[in-house]
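Sequence annotations record features per position, and here Swiss-Prot assigns heme b b562 binding site to H84, H183. The heme b b566 binding site annotation in Swiss-Prot covers H98, H197 and rests on similarity to another entry. The ubiquinone binding site annotation in Swiss-Prot covers H202 and rests on similarity to another entry. The annotation transmembrane segment is assigned in Swiss-Prot to 34-54, 78-99, 114-134, 179-199, 227-247, 289-309, 321-341, 348-368 on the grounds of similarity to another entry.
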Amino acid sequence: MAMNIRKTHPLIKIVNNSLIDLPTPSNISIWWNFGSLLGLCLIIQILTGLFLAMHYTADISSAFSSVAHICRDVNYGWLIRNTHANGASMFFICVYLHIARGLYYGSYLNKETWNIGVIILLLLMATAFVGYVLPWGQMSFWGATVITNLLSALPYIGDMLVQWIWGGFSVDSATLTRFFTFHFLLPFVIVALTMVHLLFLHEAGSNNPTGLISNMDKIPFHPYYSYKDLLGFFILLFFLTFLALFTPNLLTDAENFIPANPLVTPPHIKPEWYFLFAYAILRSIPNKLGGVLALAFSILILLLVPILHTSKQRSLTFRPISQLLFWLLVANTIILTWIGGQPVEQPFITIGQIASITYFSFFLILFPIAGWWENKMLNL
């Protein structure tokens, strides 16, 4: 009898082992859908980005006009632009839910997969930041100026590093050109790292809601989870289409409809909504270098989570104290996001400082203590 080609062909075999015959735990919930949704978001962003790049001009004299030209004169340019802009928001919603799932169910104990995931997150944030500069509106220009200028806080090399990134003594045409280059290049680096992420994941196998080893109860990925993922795709595409067609500017800043003007500073300089929690942490520290370090550490702290895991149980499913802390962390992050969008005045300054301290306390102090306490309670 002839062997099935999907199991013998060198290339198709890889796809088969990753998407068809992959042994998958039988009890993984909808929270495991976000990995595939992120893959869909990445494909949508790359495709819409390629079509936008065909019509975009990376020069300060014509960048703003070229975006207007895309929306007004290019066939379905408005749809491509709206899908790309709102696709970034959907991407970050899925990323944050994916990370939250990993924290809740202890997926971070698969260390290689988790660490690659954190690197992907950093690259994703870099891609989104440089992409936000490209329309060359007021918030694009001032956001680029403020955030890149933070690097000048680094001792010895700071000023040189900022001028090197700017390509001059201010954010100018050279800056825009290199930011466009990075925005074009980085998604493909993310694709490569996603492959590595999946490689490490399939090396160890997926986690499941109980956090227990599920080798004795696995089912093939197709048809069970492939159809489940398709349902997720339709739901995501519905929300993305709704955003792009009905409220395309819901999540954008009105300031960005004004062409960049170095002589006029916007009343409130703030990034897109998905960076506001980190921006709030940055602003809550009066010292410039301290703020930059806190900003970096707000993301890099995820690398410490596997090291600080003290519980005998992997998942939070049977750990009520840690569950409470987890949801308090979620609430705290939402508060930080709200504070990041508010002006720098009381009471927002104090709330931001308290929320920043508690954000780091959850990871460094409260979760390890809760894990240790729950271990003690198991022995009662």
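Cβ atoms here come from the backbone N, Cα and C positions, even for glycine.
Spatially, the transmembrane segment (78-99) is adjacent to the transmembrane segment (227-247); three or more Cβ-Cβ distances between them are under 8 Å for residues at least 6 apart in sequence.
A 10 Å cutoff on Cβ-Cβ distances gives H183 (heme b b562 binding site) a total of 22 other Cβ atoms nearby, all chains included. The stretch in closest packing with the transmembrane segment (321-341), judged by the count of Cβ pairs under 8 Å and taken from 114-134, 179-199, 348-368, is 348-368. For the binding-site residues shown (H84, H98, H197, H202), fewest C-beta neighbours within 10 angstroms: H202.
When the binding-site residues H98, H197, H202 are compared by Cα distance to H84 (heme b b562 binding site), the shortest distance belongs to H98. Counting residues 6+ beyond its ends, the transmembrane segment (348-368) has Cβ neighbours under 8 Å at 277, 280-281, 283-285, 294, 297-298, 301, 304-305, 308-310, 322, 325, 328-329, 332-333, 335-336, 339-340, 342 in the same chain.
For the pair formed by H98 (heme b b566 binding site) and the residue listed as 'ubiquinone binding site', distance between Cα atoms is given as 17 Å, rounded to the nearest Å. Residues 30, 33-34, 36-37, 40-41, 44, 79, 82-83, 86-87, 89-90, 94 of the same chain, all 6+ positions outside the transmembrane segment (227-247), place their C-beta atoms under 8 angstroms from a C-beta of that stretch.
Across the structure, the residue listed as 'ubiquinone binding site' and H183 (heme b b562 binding site) place their CA atoms 29 angstrom apart. Classification of the residue listed as 'ubiquinone binding site' by DSSP places it within a helix.
A separation of roughly 21 Å, to the nearest angstrom, links the Cα atoms of H183 (heme b b562 binding site) and H197 (heme b b566 binding site).
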